[in-house]
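Participant: Swiss-Prot feature annotations, pasted as is:
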type: SIGNAL; residues: 1-16; note: signal peptide
type: DISULFID; residues: Cys42-Cys131; note: disulfide bond
type: DISULFID; residues: Cys44-Cys60; note: disulfide bond
type: DISULFID; residues: Cys59-Cys111; note: disulfide bond
type: DISULFID; residues: Cys65-Cys138; note: disulfide bond
type: DISULFID; residues: Cys66-Cys104; note: disulfide bond
type: DISULFID; residues: Cys91-Cys102; note: disulfide bond
type: REGION; residues: 121-133; note: region 'Important for membrane-damaging activities in eukaryotes and bacteria'
type: SITE; residues: Lys121; note: site 'Important residue of the cationic membrane-docking site (MDoS)'
type: SITE; residues: Arg124; note: site 'Important residue of the cationic membrane-docking site (MDoS)'
type: SITE; residues: Lys128; note: site 'Cationic membrane-docking site (MDoS)'
type: SITE; residues: Phe130; note: site 'Hydrophobic membrane-disruption site (MDiS)'
type: SITE; residues: Lys133; note: site 'Cationic membrane-docking site (MDoS)'
Amino acid sequence: MRTLWIMAVLLVGVEGSVIELGKMILQETGKNPVTYYSAYGCNCGPLGRRKPLDATDRCCFMHKCCYKKLTDSNPIKDSYSYSWENKAIVCKEKNPRLKEMCECDKAVAICFRENMGTYNKKERINTKIFCKKTSEPC
């Protein structure tokens, strides 16, 4: 099952330490990260930053911006340590570079939870054809 999870996430191009990121999203939202967020809107998934469609899509935009600031990290291969304590994500990583990655993933998971009211099922699988490029800075 774990192998299937990893393959599914890699196929849709989610950035971040995929196992940890997926767990965080599931813990914060109760939603399956692959089916709910991996191809959502114009910013969730492998393409570059585009003009966000709504607050949920903006979460992915900000996540990409957060990852852009990381140095010497491989968001697909690197993993970090975190825990779920009292319904909160706690980044426990001692390596500063990996702790930053954890904080980026924590922020997007919390952002998804806080913006569940903006989630539009019609954007769940967006082909990105009509997404507009943005000059909006990170």
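Placed from the backbone N, Cα and C atoms, the Cβ positions cover glycine too.
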Participant: Name the residue among the disulfide-bonded residues Cys59, Cys65, Cys66, Cys131, Cys138 whose Cβ has the smallest number of other Cβ atoms within 10 Å.
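Facilitator: The disulfide-bonded residues Cys59, Cys65, Cys66, Cys131, Cys138 were compared, and Cys138 has the fewest Cβ atoms within 10 Å.
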Participant: Count the Cβ atoms, other than its own, that fall within 10 Å of the Cβ of Lys133 (site 'Cationic membrane-docking site (MDoS)'), considering every protein chain shown.
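Facilitator: Lys133 (site 'Cationic membrane-docking site (MDoS)'): 10 neighbouring Cβ atoms within 10 Å.
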Participant: Helix, strand or coil by DSSP: which one applies to Cys91 (disulfide bond)?
Facilitator: strand
Participant: Run through the Cβ atoms and count how many others sit within 10 Å of the one on Cys91 (disulfide bond).
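Facilitator: So the Cβ neighbour count for Cys91 (disulfide bond) comes to 19.
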Participant: Using C-alpha positions only, work out which of the disulfide-bonded residues Cys44, Cys60, Cys65, Cys66, Cys102 is nearest to Phe130 (site 'Hydrophobic membrane-disruption site (MDiS)').
Facilitator: Cys44
Participant: Among the recorded sites Lys121, Arg124, which residue has its Cβ surrounded by the fewest other Cβ atoms within 10 Å?
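Facilitator: Sparsest of the recorded sites Lys121, Arg124 by Cβ contacts within 10 Å: Lys121.
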